[in-house]
Amino acid sequence: MAHQDGSKGSRVQGSGKNPEPRHPRTPAPQHCPTGAVEANPAYQSARDDFLVWLEKEKQFSDHTLRSYTNDLGQFFEYCSDRLGGKPLAALTHADIRDFLGALLRYGYEKRSAARKLSTVKSFLRYLVRKGVLSANPATAVKGPRLEQRLPGFLTQYQVREAIEIKGNAEVVVRERAILETLYGSGLRAAELVGLNEADVDFVAETIRVRGKGGKERIVPLGRAEKQALDEWLARRTHKHAEPVFTNNQGGRLTTRSIQNIVRKALSRVADATATNPHSLRHAFATHLLERGADLRAVQELLGHVSLSTTQIYSHVTVERLKQVYDRAHPRSGFQK
């Protein structure tokens, strides 16, 4: 299975060590569920079956599998320490709710705690499908209320200024192609890393993208993006490499490399909140909506499963229109 950086890997083993850092203002309590204690064999067996299913059937990345492994390790330790190793089939709604409460008490951010709860829900839902559980005790457990977080906003002018960099050196041509593709097709950094030359159809003017969970989608190849990619593929040293975006040795660029390249480019035109690859994906969606694109069409282009995820960008666009109205309309009530 492919990593986000294109390397191969196998299913993650272990019991969930190396937990994510806690909130810096919160001291680590003595009995915080960290996943460092080995769970009982019944827990481990169920977890291993679940991870195999995620890898083979859902085609989750190694990065995602590691997160699931860590989350379940913490959950199992909680079950062992606080519930006396209670069998999975005996878990109750109150047990799952108390696990969530413990995470929040021990200083985990709401977003991290919500993700861990989601992992537990998915795991228990899998056990219901396998007949291990008769019902999912986590179904009705509500996660903490989260604020929607979006990258900093990039204007169309800022994007154009960042992309229209001068120079013909190979690294400059590659940078231009990376920026054009992220903004022109709204790709995630990991999707960009995974692009192969065979995925780009210059005749049909489309790109085949492998998104989250191995789900594929076809997105248009814009004129400026097409020109930048054509120039890069003709200019690069390793012309027969499978990946579209290669490093100096001809290997696939990593997600971290993409992040560094984009941060350097966008820092010339934007503040620190808008200098990551997702800022260009955000700009792609927002600028489409500002120019009248249909929300469902943008959903398809982004590869969102749920329309509600795409609607976040619609909200941002409306808020910006309100700001323009307040500044420009003579009867808006805005005091100049």
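Positions of Cβ are set from backbone N, Cα and C atoms, glycine also.
TrEMBL: automatically predicted annotations, no manual curation.
Note that the structure is predicted; figures quoted are calculated from it, not measured.
Summarising the annotation, TrEMBL assigns region 'Disordered' to 1-36.
The domain 'Core-binding (CB)' annotation in TrEMBL covers 41-128.
If you look up TrEMBL, you'll see 149-326 marked as domain 'Tyr recombinase'.
As annotated by TrEMBL, active site applies to ARG188 (among others). Contacts of ARG188 (active site) defined by a Cβ separation under 8 A and a same-chain sequence distance of 6+ are given as GLY211, LYS212, PRO277, HIS278, ARG281, in order along the sequence.
Among the features that TrEMBL reports, active site is placed at LYS212 (among others). Look at LYS212 (active site): DSSP puts it in a helix.
Under the DSSP three-state reduction, HIS278 (active site) is assigned to helix. Per TrEMBL, active site is recorded for HIS278 (among others).
Here TrEMBL flags ARG281 (among others) as active site. Cβ contacts within 10 Å of ARG281 (active site), excluding its own Cβ and spanning all protein chains shown: 22.
What TrEMBL records for HIS304 (among others) is active site. Within 10 Å of the C-beta atom of HIS304 (active site) sit 19 other C-beta atoms, taking all shown protein chains into account.
If you average pLDDT over the domain 'Core-binding (CB)' (41-128) in this model, you get 90. Across the domain 'Core-binding (CB)' (41-128), DSSP helix (H, G, I), strand (E, B) and coil residues number 72 helix, 0 strand, 16 coil. A simple way to gauge crowding: the CB of HIS278 (active site) has 16 other CB atoms within 10 angstroms, across all the protein chains here.
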